[in-house]
């Protein structure tokens, strides 16, 4: 399958839509990244909510623009809440995104994620090892880290997209986004981004938000990858290391939104 490149005009248009619609994103994400995820969404113009109680999660999934399920710090009570939210999201036609953190390394979360696939996610975002494991092609990964190149996971991503109907995102040095029939590659970013906890998880939240936008969902999701890579490049150019990267990254996201509104 041919891999196309995302145009800057497409990315800018999607960011304009993002800011215009300001999606309300229900983030059921892991404990490590909640603040960074919320700030990333806010910097781009979305509205985050971290609702995790089972009864509330189901109720909130019905009114949110989009739902994120991130299994990074999965527990049985949290799985129950996530299951309830996903069931309600399907019933309410709220698009939801799955981030199958470390699914290739741990059996419980792999079985849980496979169970959730029956509720038809709008998008799935993971690294190469996670996507390959979720597709049933291989089990691997070094905990939350990938042991495979993103390009090697393209066939698995295409298979997973066709089987689930989801837009599948494989992140790495180059990000690949596919619906099983089309594929888009997004270059850029910086290796320093992999040294900061939460950049991938935050991207999953932005992907979830983009699934609520009108227009071409594949292009909107690919645009999310582009914004994050652009912001990462700008932040690395301005920072002196990991400690100063995060505030510069959030500034860069905010500045991107201001540029498309100008």
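Glycine is treated like the rest: Cβ placed from N, Cα and C.
So that you can see what the record holds, here are the features copied from Swiss-Prot:
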type    : residues : note
BINDING : 50, 198  : substrate binding site
BINDING : 125, 171 : ATP binding site
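Within the same chain, residues at least 6 positions away in sequence whose Cβ sits under 8 Å from that of residue 198 (substrate binding site) are 32, 33, 36, 37. All protein chains considered, the CB of residue 171 (ATP binding site) has 29 other CB atoms within 10 Å. Residue 50 (substrate binding site) is 24 Å away from residue 171 (ATP binding site) when you measure Cα to Cα.
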